[in-house]
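As given in TrEMBL:
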DOMAIN    1-140  domain 'Peptidase A1'
Amino acid sequence: MNLVLGRMGQTSSNGSAQSYPVNAADSVFTLDTANQYMRLRHSFVDPLLRDLGAVNNGYDAYTAPCSKRDEPGSWDFQFGDATIKIPYKNLIIDAVLEENSDYCFVAILVTWKGQLVLGAPFFQSAYISYDFDNKVVGLAQPADCGGKVVAFGNGTDAIPKLTGCKPK
């Protein structure tokens with residue numbers, strides 16, 4: 001299933017929010033649970049990587065200071081009325097380049113063309129439900145709803161909307 005990105009942004013570690021334009025041609029993403037990376041376009045990911053302090057290794061892979069994982073910033077993906085904030089800790093992975101290096105890989109593959117993919121960093125940061133009968137994907141930021149379990153229904157509104165949950 002595909003999702004259409006409406007807005008892309010970043011909340012920096014100091015809490016300031018920045019929004020970046022998304023070209024309509026670069027807005028359709030495939031959800032891929034088997035992919036440990038996200039595949040994004042240069043057109044909107046370059047400013048995000050720059051703000052993260054990431055450096056291109058020459059092969060369109062990026063590294064960033066490992067210490068950034070501990071900062072409270074996030075990349076913010078808006079799909080319809082749902083905004084999924086991917087924290088830095090999910091974007092910067094433990095794969096260290098060299099022994100005693102302070103740089104880790106950013107879980108992003110940057111591309112000029114081809115399929116755009118939301119992989120592991122996205123899935124680690126969102127609640128996602130699939131309604132294959134109606135070809136609908138439900139998205140939400142992770143939240144604590146207590147022990148409340150809500151069953152999916154039938155028909156066009158099979159994925160329920162929950163309220164009263166506390167953001168994680």
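FYI, residue positions are counted from 1 along the chain as it appears here.
Backbone N, Cα and C define each Cβ position, glycine as well.
The DSSP breakdown of the domain 'Peptidase A1' (1-140), given as helix, strand and coil counts, is 27 helix, 66 strand, 47 coil. Across the domain 'Peptidase A1' (1-140), mean pLDDT in this model comes to 89.
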